[in-house]
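S.K.: Just passing along the structure, written as structure tokens.
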Amino acid sequence: MSPYALSMLMSSLAMGTIITLSSSHWFLAWVGLEINTLAIIPLMTKMHHPRATESATKYFLTQATASALLLFSSTMNAWMTGEWTIMDMNSYTPTTILTIALAIKLGIAPFHLWLPDVLQGLDMMTCLILSTWQKLAPMALLILTSHQLNTNLLILMALASAVIGGWGALNQTQMRKIMAYSSIAHLGWMTLVISFAPGLALLNLMIYLMMTSSMFVMLMTLNATNMNKLSISWLKTPTLAASMMTGLLSLGGLPPLSGFLPKWLILQEMTKHHLGALSAVMALSALLSLFFYLRLSYMISMTSPPNISNANLTWRKKNDLSLINPILVVLSTMLMPITPMLLM
């Protein structure tokens, strides 16, 4: 792709998200989401492969459906209340339609089916953008309207996301599909706490963005798209293999890594609201996710392949991501010491 076209698309992506984040009017928020969707589709199809075209088509159809629902809910709300502002969604039907629209945009269960298929057809850099940057605008709208949304519906979707995100990845071997199910499970945790403590949902989103970015950057560096390629990566870059193991355990939510912090605070918040049974189910669903992260960690750090690989010696190639990598790894594994400051 031409550098001019790429810079145009990336700036459109940034502009779409910024418009949505800074808007107080539903129509402007919708425009930002549309710019976002239209800017990423050319990035998806730049591989010129049938799978990439299929992914872009699926993504376009789901996002168009979600945008239509969002516009419909905001128009219905304006018709009922005479208000177009984002903070004034007081009617039951528009808020339910809005919740469903944002769930489709984000890939929250039971509207998650497009996410693994779309990610599987894309290259790693587009997967990174789709799993991180594209979550910001819909999540911001969800946080802004969280006090008006149906709490029971959000809790049901959160439970479904956490369980499906754990179950779905158990039999996967492709790294992009595993990261998609990981995204679904993390979104479940954010959706669960968003009605009770939107600040915690935001903290969870920030830590999720750091962990996912560091994971995709490491996968790009190792050029690993499935578990077999992952198992021979210690031959190429042993240090990166060790970093990846800690990154995976952090995604699984093991203490004392960063991924444990949001899960701990969310479970604490839930028990404060006397939702002990719900907390127990969410903690058990986290064990499902932890199983496949542990399996990947075991594969990357504790198994040796039956024969020495004849893969390219990646340490001899100049890597553009070598500076970003250590920063992201530190952020995604060592944020636990700031917990007392957050609890203040």
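In case you wondered, yes, glycine gets a Cβ from its N, Cα and C as well.
For reference, TrEMBL lists these features for the protein:
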- 23-288: domain 'NADH:quinone oxidoreductase/Mrp antiporter transmembrane' (DOMAIN)
- 26-47: transmembrane segment (TRANSMEM)
- 59-80: transmembrane segment (TRANSMEM)
- 92-115: transmembrane segment (TRANSMEM)
- 153-171: transmembrane segment (TRANSMEM)
- 178-197: transmembrane segment (TRANSMEM)
- 203-222: transmembrane segment (TRANSMEM)
- 234-254: transmembrane segment (TRANSMEM)
- 274-294: transmembrane segment (TRANSMEM)
- 290-343: domain 'NADH dehydrogenase subunit 2 C-terminal' (DOMAIN)
- 323-343: transmembrane segment (TRANSMEM)
S.K.: Answer with yes or no whether the transmembrane segment (203-222) touches the transmembrane segment (274-294) by the criterion of at least three Cβ pairs under 8 A, sequence separation 6 or more.
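M.R.: The answer is no, given that the two segments have fewer than 3 Cβ pairs within the 8 Å cut-off.
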S.K.: Taking 3+ C-beta pairs under 8 angstroms (sequence gap of 6 or more) as contact, is the transmembrane segment (178-197) in contact with the transmembrane segment (323-343)?
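M.R.: In this chain the transmembrane segment (178-197) does not contact the transmembrane segment (323-343) - fewer than 3 Cβ pairs sit under 8 Å.
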S.K.: Looking at the stretches 59-80, 92-115, 203-222, which one shares the most CB pairs under 8 Å with the transmembrane segment (153-171)?
M.R.: 92-115
S.K.: I need to check the long-range neighbours of the transmembrane segment (92-115): which residues 6 or more away from its ends have a CB within less than 8 Å of a CB in the stretch?
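M.R.: For the transmembrane segment (92-115), the list is 33, 58-59, 62-63, 65-67, 69-70, 72-74, 76-77, 80, 135, 138-139, 141-142, 145, 148-150, 153-154, 157-158, 160-161, 163-165, 180, 183-184, 187-188, 191.
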